[in-house]
Amino acid sequence: MERTGHAFADRQRLQRALTHASARGANAGTDYERFEFLGDRVLGLVVADMLLAAFPDAAEGELSLRLNALVNAEALSEIAEHIGLPDLIRAGSDVRGLEGRKRVNLRADALESLIAVLYLDGGLEAARAFIHKYWQPRSQASGAARRDAKTELQEWAHQAASAVPAYQIDSREGPDHDPLFTVSVRVGAFQPATGSGRSKREAEQAAAAALLLREGVWNAA
């Protein structure tokens, strides 16, 4: 993994971190979810610290919006694709052929697992260097501090339809420690929009953002 900028001392642990439970073998994937759990926490810590330093005058609400934009599954999947991580994931053919949201989540999970082994192999500084390299440019993006989607949708719904957004959980998939919620939102007579996330709140935010984008209230920048 040259793009991590780190020479791994424990290559076997790196291989385990990129082996999904669907891969063949009695012990395949036994560490994958544990590494993913740790990597999620390391990523959140480093990005939060990075944002505090970069935006010293930002309020907690703005920092939370920026953090969520940087650590959601879509952002992680894009970074994973950029560094060529999908080609290194060992998984069963049924998983490797996933499309849509499930493929996004697979790549995001693998990137979190990679961050965990960076931390375990080289300490916090190794993980921090990698995260700063790929997340810091994104932290300055114009859309990183976009207003809370649910709040903006509620205001727009009142003005456009004299209505209140109605959210509904359509599905909940995945293990208890890493669920995937799909939520739809309806505003008056407008067509509903859907969104997914690792929490009910994240899915509601994604659905609200999807409706705002579709109706032209937000642009795609």
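Including glycine, each Cβ sits where the backbone N, Cα and C put it.
Here's what Swiss-Prot has on this protein:
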ACT_SITE  Asp40  active site
ACT_SITE  Glu112  active site
BINDING   Glu36, Asp109, Glu112  Mg(2+) binding site
DOMAIN    1-123  domain 'RNase III'
DOMAIN    148-217  domain 'DRBM'
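Neighbour density for Asp109 (Mg(2+) binding site): within 10 A of its CB lie 25 other CB atoms from the protein chains shown.
In sequence order, Tyr32, Glu33, Phe35, Phe37, Gly39, Asp40, Ala108, Ala110, Leu111, Ser113, Ala116, Asp178 are the same-chain residues whose CB sits within 8 A of the CB centroid of Glu36, Asp109, Glu112, the residues recorded for Mg(2+) being left out.
When other Cβ atoms within 10 Å of the Cβ of Glu112 (active site) are tallied across all protein chains shown, the result is 27. DSSP assignment over the domain 'RNase III' (1-123) gives 87 helix, 2 strand, 34 coil. Averaged over the domain 'RNase III' (1-123), the predicted model reaches a pLDDT of 85. DSSP states for the domain 'DRBM' (148-217), grouped as helix (H, G, I), strand (E, B) and coil, give 28 helix, 20 strand, 22 coil.
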